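Step one of this worksheet: look at the structure below.
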Amino acid sequence: MLFNINEKGEPLVISFAPFLSPEAIKHLQENERCSDQSQKRTAQQIEAIYTSGQNILVSASAGSGKTFVMVERILDKILRGVSIDRLFISTFTVKAATELRERIENKLYSQIAQTTDFQMKVYLTEQLQSLCQADIGTMDAFAQKVVSRYGYSIGISSQFRIMQDKAEQDVLKQEVFSKLFNEFMNQKEAPVFRALVKNFSGNCKDTSAFRELVYTCYSFSQSTENPKIWLQENFLSAAKTYQRLEDIPDHDIELLLLAMQDTANQLRDVTDMEDYGQLTKAGSRSAKYTKHLTIIEKLSDWVRDFKCLYGKAGLDRLIRDVTGLIPSGNDVTVSKVKYPVFKTLHQKLKQFRHLETILMYQKDCFPLLEQLQDFVLAFSEAYLAVKIQESAFEFSDIAHFAIKILEENTDIRQSYQQHYHEVMVDEYQDNNHMQERLLTLLSNGHNRFMVGDIKQSIYRFRQADPQIFNQKFRDYQKKPEQGKVILLKENFRSQSEVLNVSNAVFSHLMDESVGDALYDEQHQLIAGSHAQTVPYLDRRAQLLLYNSDKDDGNAPSDSEGISFSEVTIVAKEIIKLHNDKGVPFEDITLLVSSRTRNDIISHTFNQYGIPIVTDGGQQNYLKSVEVMVMLDTLRTINNPRNDYALVALLRSPMFAFDEDDLARIALQKDNELDKDCLYDKIQRAVIGRGAHPELIHDTLLGKLNIFLKTLKSWRRYAKLGSLYDLIWKIFNDRFYFDFVASQAKAEQAQANLYALALRANQFEKSGYKGLYRFIKMIDKVLETQNDLADVEVAAPKQAVNLMTIHKSKGLQFPYVFILNCDKRFSMTDIHKSFILNRQHGIGIKYLADIKGLLGETTLNSVKVSMETLPYQLNKQELRLATLSEQMRLLYVAMTRAEKKVYFIGKASKSKSQDITDPKKLGKLLPLALREQLLTFQDWLLAIADIFSTEDLYFDVRFIEDSDLTQESVGRLQTPQLLNPDDLKDNRQSETIARALDMLEAVSQLNANYEAAIHLPTVRTPSQLKATYEPLLEPIGVDIIEKSSRSLSDFTLPHFSKKAKVEVSHIGSALHQLMQVLPLSKPINQQTLLDALRGIASNEEVKTALDLKKIESFFCDTSLGQFFQTYQKHLYREAPFAILKLDPISQEEYVLRGIIDAYFLFDDHIVLVDYKTDKYKQPIELKKRYQQQLELYAEALTQTYKLPVTKRYLVLMGGGNPEIVEV
């Protein structure tokens, strides 16, 4: 029961406005359009905020205000009576959830201040209080809630932890893999399994490649709705389906025919060029022209008549015919310019070549794939079993548990579906199929609100599938009854210079084939305000390319990293912006594709004095010097006979032994022993029994004694103390923590050392104990080529930002530099020995023995790696998916800019050439060309070249070495120091003086009204004492002191592994039990146990409840029997809220709380409150809680206009239950 009352004691009734009809929304849109507001909401924003009663997909372009729309929609729901806790709001990151929560909080505060309706104020205040418990967060966080609450239904304990550290996951995986591998190597099908391992690893001894295959298959399966079913039903889908030429998908045939036709068209374009030379001097056709005409005609004929001439069964014959028809080279040369006419077709032919042979051998690899399927399934089950045993899971496990709970428990699923008024999702384009399934289970089928942008889907490496968004988009447009699509196209972030160049680039680049979205009028960016359309000539986008014709060799050898010259170009532009236009450094951001190989940027910027902060680099925590020193110290403490670790410790700054010292120690060998460790030599050196005691001088002897004494104390402490304390003892004993503070990058070094102590502490808290296990865990991390996350330290605010494009998503910056545009897209995945696909399953390269094709030969075997047909199909899809994501990455990078965007790259000016005739092209770059180009820079140059007659809103400029001299780059202007005497005429100094006066006045007001300032709008009875005790004078006020425990209460700590159950948790469980306990039945142990199963507490807390004491209360006390006799008059766990006046500040506030139990009769009320506090005398608790019960009584009296005649405390913290009347 929930009751709110006003100052007169009357119940509050709030009348909420209904949701808007489509007609009302149109009327609101018209009013907004005609209003004189400076910043108006768009018609689409209004539609997205107020439309209700159906599924809604909001396609929100960059900078279109999607967060604003979500916040406004949430607030509108609240104002129309939907409590915030009835909204499910999913965000992509924890940070986004925090920001969204803060925005809602600010909106609620603003709404409370604006409204004059008292009932609404109280309601909104309650929403504000509920905000912190509302379901606003990531899908992972919500899944954890579901499993914590209902995990028992599928046998999962609620007391689990999340393995967020990849290193810990890899250690467990390695243990499971090794055990399973040995089992499979000794099974009945061992020969087939060995062939499988050799297919990927070459031999059975080096299993690293096979292990990586298994891990990848496992991880991929975890992103599906049901990993086990996917592995059983989809993993071998393509291998079972594509076994003949006739099985090749029509789409792939169409792509081949399209490449043939495009080649014919491009070749015709080339032959039509003026300088081509169709005729000889005699006027007849040239041999070259005749040959090319034949190619054009035959390619066109074969495409047109493919079905009757070849068909799928004759595909292999078509491949041979085309291969014999076209030249082996890629280019056609006209006037010394090479045109890559045949390049794309050659790539397609390569894909389909030798199909008959491949299909003949492909069937031989099927038993291997079945073994792989069995192994991955077994690995998944075994790995999960280990995690269940450790009660430690990955996020994907928790999500699958949540799905299983909702699928298998109809009552739980329906309770969520009935509870949530709306299921809202931000960044919907980055969902995977596992998350989509969870959202489907939470929704009632017509209450989903999804916000996203297909053009900003850039998390494929996390198994995000943009096709989920695309499918919804298409379905809702074709069938409006399923849902509504709302487009937010207006951009409120960027100036027209940025919007125009973005539209120009992607209208020529992006479509459904590459990019997954046709960049037409639906997706083009539109300025949201007039101010954004004001032109600035100096903000036109620029593609700045270092001319590599005379490259000085400063670029990395693999051409993947950014060169010094490119960074210098950026530095030059930044200096110009800062000096000439006064642009602060923090307004400038550099975007890169990856975190690696960016040291040259920091180094170059330091040379020019440009401050820069980065979002981190490669994980090198365990490789940092200070951490390596500490790890070797711990290794030495664990085992002093580890020579490598011992030498590292001796050479470290903690003991500072030099090479001469170590040489003298090394010569103290015992001649009778073949192998003698360094630790033994140190001990012999100290007692003078080494082979050459004369080499140990007094200074060295002193150092050795100090070392052994220190090491002995550390080893003794390691047996008794915690890892955390041991590490800090090492820091303090040898002052190592203080030492690193004097070195370069002191902040980072100290942060790393501090983190080591924290991680050791976390390691022990997770159930692992001891120095040996910690060292073993670290060594396993290093063995698996992993590292721990780097520690972040505070960065300067006034500095240029360097971050990855992924990290920049959702952010905006005035000036954006997109660096390393000449870096080739990573195509590593499409060259692996296997490729996974959600629909097709796995495709592999099969190492076939083709000895039979060669006839007689003395060779035992002839192995050839073949791309199986499933592999080729997966490869083509993966290539397009990779290019599409790179295109979307470029879109994200460009749309971060508010004022200007720069593209930085490197190219040869002399090799820059025309690609094809623009007159023969449509709006888009040809598909074959977009597939062929593999850098941002190539795309931009192709657009600039082919569509040169259009205004593309960006300029291409080549930078020479002469433009990058020290004089040309310039230097930063340093601000001059002001003369203090000049401040006397400075207006700003007067303003500062007035501001200081105002601050002083504010401080005085704060002091006078301190009680009101510290008084929240809503308080609970138990909080009142904590609020007023430090603020009120003690005159006339009774301060209820907490009773302190006497010394006789002291008990020795328990050294068991089980954590002590908190008293507050026991109290909470007691209240839940008393609320659900059926009083119509006899109260006995069985009744209590049945009721106990229905409360949401963990088993440890339930076990800690003293059920005999509760049974005694009901059976042996008159009040307990009173509960059963008058149960019809009983109200349990009843919330209340009343308005009270603060005696000090005279400010009104809402007092709210929950009454444990009360009996409502016709003429009076009886109040009951349970307490689990420990006590010596009951009078202690009576004094402590008297004021609280008075407040409860006041609330009941104001509500029912009846007196509270009896107030009882039920004390459960003693030996037996006691009843105290207050």
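Positions of Cβ are set from backbone N, Cα and C atoms, glycine also.
The domain 'UvrD-like helicase ATP-binding' annotation in Swiss-Prot covers 39-495. The annotation ATP binding site is assigned in Swiss-Prot to A60, S61, A62, G63, S64, G65, K66, T67 on the grounds of sequence analysis. The domain 'UvrD-like helicase C-terminal' feature in Swiss-Prot is assigned to 524-810; the stated evidence is sequence analysis.
Neighbour counts of Cβ atoms within 10 Å were compared across the binding-site residues A60, A62; the minimum falls on A62. According to its DSSP assignment, T67 (ATP binding site) is helical. Within 8 Å of the centroid of the Cβ atoms of A60, S61, A62, G63, S64, G65, K66, T67, where the record puts ATP, the same chain has further Cβ atoms from D453, L488, N491, F492, R493. When other Cβ atoms within 10 Å of the Cβ of S61 (ATP binding site) are tallied across all protein chains shown, the result is 25.
Summarising the environment of K66 (ATP binding site), the number of other Cβ atoms within 10 Å of its Cβ, over all protein chains shown, is 22. Per-residue pLDDT, averaged along the domain 'UvrD-like helicase ATP-binding' (39-495), amounts to 92 for this model.
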